[in-house]
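First comes the structure, then the notes that go with it.
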Amino acid sequence: MSYISVDRVFKIYGGRQGPVEAVSNVSFAVEAGEFVSILGPSGCGKSTLLMMLAGLEATTAGAITIDGRTVTSPRRDVGLIFQDATLLPWLSVLDNVLFPIRIMKGDLATHRQKARELLDMVGLGDFHAHKPAQLSGGMRQRVAICRALIHDPHLLLMDEPFSALDAITRDDMNMALLEIWQRYHKTGVFITHSIREAVVLSDRVLVMTRRPSTVVCDIRIPFARPRGRDLGETLEFNAICRTLREHIEAGHRRDRAA
Amino acid sequence: MSADTMDGAGGRVPRMAMERWRPMLLLFPERIILPVLTAAGLLLVWEIVVRHYEIPPALLPAPSQVGQRLWEVLPLLLEHAVPTTLESALGFVLASLLGVGLAILLTYSRLFSAAVYPTVVVFQLIPKIALAPLFVVWLGIEMQSRLAFAVFISFFPIVIATEAGLRNTPPDMLRLCKALTATGWQIFTSVRLPYAVPYIFSGMKIAVTFAIIGVIVGEFISAQKGLGYIIIFASSQADTALILAAIFVLCVVGLALFGAVAAAERLVVRRYGFA
């Protein structure tokens, strides 16, 4: 049995002009240790899908199982990263990283050491006493990554974590995330609307379209890890990007025709 | 930048001169000197006008006469400033507690909010000063009627501000807390309330001035002591200089109370490092 299994999941909201299908008949599986990106245009329901994986939204129909247990509420072995870093502005960087431990009433003394190690790893070792407002957007998002890792979750759920950053910072963050993956071996589900980002980071990319909001293809990314910056220049990389783009564009054509 | 490039070399000369001039101005604490000069200028004009046109003191005394009267009756004024200050401060504290409490109930209970919020808003619309005599009818002429009126008049801004603050938490932050299986109490104390603190303080700064208004209006109607009482008493004696002297002391009281709230805000903001 797979680590995550999403089985014929629907999410239907009652809208003013009748029901809206935010997620329509999505099924896929993620193995333990896999990094899977869900790629699609805005409004295709990919964030809703992630919120259902996190146990923050209920499914209208179908079932999501993580590690053998049906998801009905949030699980503590999951780390979440949002588009915005969502740090608490009055806490220091270190205290923000320790926030999950404080909420879960864990042992702060031992985790403080771990928080320092995580911050060192993302290059923010000297910034542990800074306030979020003193950091750049990319640095804040690195803090959010450390916070998601502090309680050693098995699964990381990431909702377009780098889409608010500029292109150069975004490339840096992709490399940082690849390094983290190399080191911590988590299972990851990553939402994005950037084709190249999805291919750089993932073991598999699922493409979602609008109307219906469902997964239309599931492509394995064959590149070995560790991966570097030069990956994006290979022919094979670009061929995969082209295939993904064709799937997305086919979805757009169907969308317009509907 | 654009001004420099558009005007060319000709436009640059005055700008350079300005830049040399500014630090010179900054040598003086312009934020202190300028307002003091303005106030002194106004007082001087007032003094000159009163003397030149020989305006009777009962109509408008000169600042020098007000100063003299203030000096004569300062012990009396200070004695009467005590109940006004204490009642304002107590009214404000009660209003803060009630206001924050009510706002918490409004944000946390949808049912309570649906039932109560429209009434709160309608009460907001009443010109509350008009209700002051009713408080005397209900609660008599002692301190409690003034206190109740001060609370009544000053707690709305706190309710509205706190409520806005508590709703100000970023939705993703709440999602993160829920994903970490935080309890409602944990979310409230470690996220929602701190996010609301700057809002609460801005509500409190409005409320503290309202509380003073409430107490003074109460004293106009009912009291046998307090600065409001002195003002009413002095106006019955046509002692305009005393009215203005009492108002001056009242300004000092207001400034002190407002300053206390502002200082508390700075302390909290610095301690918790907002902004």
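Including glycine, each Cβ sits where the backbone N, Cα and C put it.
Sequence-distant contacts of the transmembrane segment (B:25-46), counting only residues of its own chain at least 6 positions beyond either end whose CB sits under 8 Å from a CB of the stretch, comprise 62-63. Annotated transmembrane segment per TrEMBL: B:25-46 (among others), in sequence order.
Positions annotated as domain 'ABC transmembrane type-1' by TrEMBL: B:81-259.
Residues annotated as transmembrane segment in TrEMBL: B:89-108 (among others). Non-local neighbours of the transmembrane segment (B:89-108) in the same chain are 116-117, 120, 146-147, 149-151, 154-163, 165-167, 188, 192, 200, 203-204, 207-208, 211, 214-215, 257; each lies 6+ residues outside the stretch with a CB under 8 Å from one of its CB atoms.
What TrEMBL records for B:120-141 (among others) is transmembrane segment.
Taken from TrEMBL, the feature transmembrane segment applies to B:147-166 (among others).
Marked as transmembrane segment by TrEMBL: B:196-221 (among others).
According to TrEMBL, the feature transmembrane segment maps to B:241-264 (among others). Away from its own ends, the transmembrane segment (B:241-264) comes close to residues 57, 61, 65-66, 68-70, 73, 77-78, 80-81, 84-85, 88-89, 92, 201, 204-205, 208-209, 211-212, 216, 227, 230-231, 234-235 of its chain (Cβ-Cβ under 8 Å, at least six residues beyond either end).
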